[in-house]
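Peer 1: Pasting a structure below so you can have a look.
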Amino acid sequence: MQQLKKVVLAYSGGVDTSVCIPYLKNEYGISEVVTFVADLGQGEDLELVRQKALNSGASKSIVGNLVNSFVERYAFPAIRANALYLDKYPLSTALARPLIAENLVNIAREINADAVAHGCTGKGNDQVRFDLAINALGPDLKIITPAREWNMSREEAILYGEKFGIPAPVSKKSPYSIDVNLLGRSIEAGILEDPMQEAPEDIFSMTSSVNNSPDSHQDIEIVFKNGFPVGINDQFLTPVEIIQRANNLAGKHGFGRIDMIEDRVVGIKSREIYETPGLLLLIKAHKELESITLNPDVIDFKGMVEKKWGQLVYQGFWFGPLKESLDAFISSTQTSVNGRVKIRLYKGNAIVIGRMSENNSLYREDLATYSKDDVFNHSLAEGFIYMWGMSNKIWAELNSKTKD
């Protein structure tokens with residue numbers, strides 16, 4: 001087998017990716033490990049992360065600002081798709097993986113690397129997402145997955161890293177695995193592996209507890225154009241600002257926590273904790289606006305598309321042909337999704353209290369009203385019902401005779 005000399009490693013500064021650096025050099029004999037750190041709005045000092053990679057043995061460490069691309073190319077399409085895996089999880093972590101993989105491949109091309117690598121474990125979802133995305137964009141590139149091969153527990157990985165002077169970022173007593181980006185936080189491992197164990201309050205940072213949230217509600221309005229959120233409370237914002245503002249508003253009122261049993265790609269169930277206040281809020285508002293601007297049959301069919309879209313993204317097929325086709329359908333439905341939605345935030349809840357679309361509303365008050373202004377032709381109902389239920393009536397008549 002050809003000796004690999006230069007590898008690009010997706011790097012986060014966590015246990016697994018930090019340990020990957022000396023492991024690749026000592027176990028694989030790779031001379032140059034170039035790390036790539038993705039700035040996804042995680043609010044971390046990435047210069048410190050970059051320096052940690054160098055201190056851990058990386059020959060070079062690159063930081064890429066992907067925040068705008070992450071929101072515009074990944075988060076906003078997910079909002080249009082009302083993407084909720086298992087009707088709960090808005091894919092905050094899953095959406096980041098194909099973007100990171102895309103940049104890994106691009107950097108590998110630029111520096112003539114022999115391979116790309118990541119620190120995903122052998123029973124997580126991210127290994128699938130990274131590998132599938134890399135294979136789609138750089139099918140000629142070799143993928144190295146040390147954490148999938150070394151068969152070390154998290155505690156053993158920490159000890160391995162300490163031999164090379166790599167400090168552990170987590171407590172050995174309760175080693176939570178936490179992933180953070182602008183869209184939210186995912187927390188797993190430690191005491192959370194007991195599905196009956198309540199998640200401790202100290203693992204949350206984006207959302208207030210119900211007890212500590214404001215005692216008075218706050219009403220907000222979210223404005224959409226072509227299915228994209230463009231403003232909050234009549235203030236038009238950039239896509240990144242939209243997510244930031246939604247995070248702050250929803251999180252302050254304790255909305256956006258998810259505690260779920262998740263069906264992983266590899267076939268096991270896992271307990272996951274998520275904080276995604278802004279993304280959940282925007283999806284809720286978007287779905288509500290669709291209820292007044294889309295035809296019933298479009299809403300019904302789009303619901304099936306949304307479920308499949310979420311599954312594909314969760315399972316790693318962001319760059320697959322079916323996902324691309326579903327994108328085209330979803331996009332075609334969004335030209336009329338224009339308007340605003342009013343939501344009341346209070347004690348962990350986001351309650352829709354109003355919705356309107358000035359030019360695209362299919363709701364007509366003169367048809368829906370029960371007042372004297374009603375223009376609905378009630379006399380047509382009898383004939384409609386007769387035709388609508390005719391097949392059922394014929395079936396009932398036939399079967400009642402058969403029973404006799």
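Sequential numbering from 1, following the chain as shown.
Placement of Cβ uses the backbone N, Cα and C atoms for every residue, glycine included.
The shown structure was predicted, so the numbers you read here are calculated from the model rather than taken from an experiment.
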Peer 1: May I ask you to find which of Ala38, Ala83, Ala94, Ala96 Swiss-Prot records for the ATP site already listed with Ala10, Tyr11, Ser12, Gly13, Gly14, Val15, Asp16, Thr17, Ser18, Gly119?
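Peer 2: Swiss-Prot names Ala38 for this ATP site.
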Peer 1: Among Ser186, Ser291, which residue does Swiss-Prot name as a further L-citrulline binder in the site formed by Tyr89, Asn125, Arg129, Ser177, Glu262, Tyr274?
Peer 2: Ser186
Peer 1: Using the alpha carbons only, what distance in Å do you get between Ser186 (L-citrulline binding site) and Ser18 (ATP binding site) once rounded?
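Peer 2: Each residue's Cα considered, Ser186 (L-citrulline binding site) and Ser18 (ATP binding site) end up 19 Å apart.
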Peer 1: Quick one: which of these binding-site residues, Asn125, Asp126, Ser177, have their CA within 10 A of Gly14 (ATP binding site)?
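Peer 2: Neighbours among binding-site residues, in sequence order: Ser177.
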Peer 1: Work out how many Å separate Thr121 (L-aspartate binding site) and Asp16 (ATP binding site) at their Cα atoms, rounded off.
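Peer 2: About 8 Å separates the two Cα atoms.
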Peer 1: Tell me the Cα distance separating Ser177 (L-citrulline binding site) from Asp16 (ATP binding site), rounded to the nearest angstrom.
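Peer 2: Their Cα atoms are separated by 10 Å.
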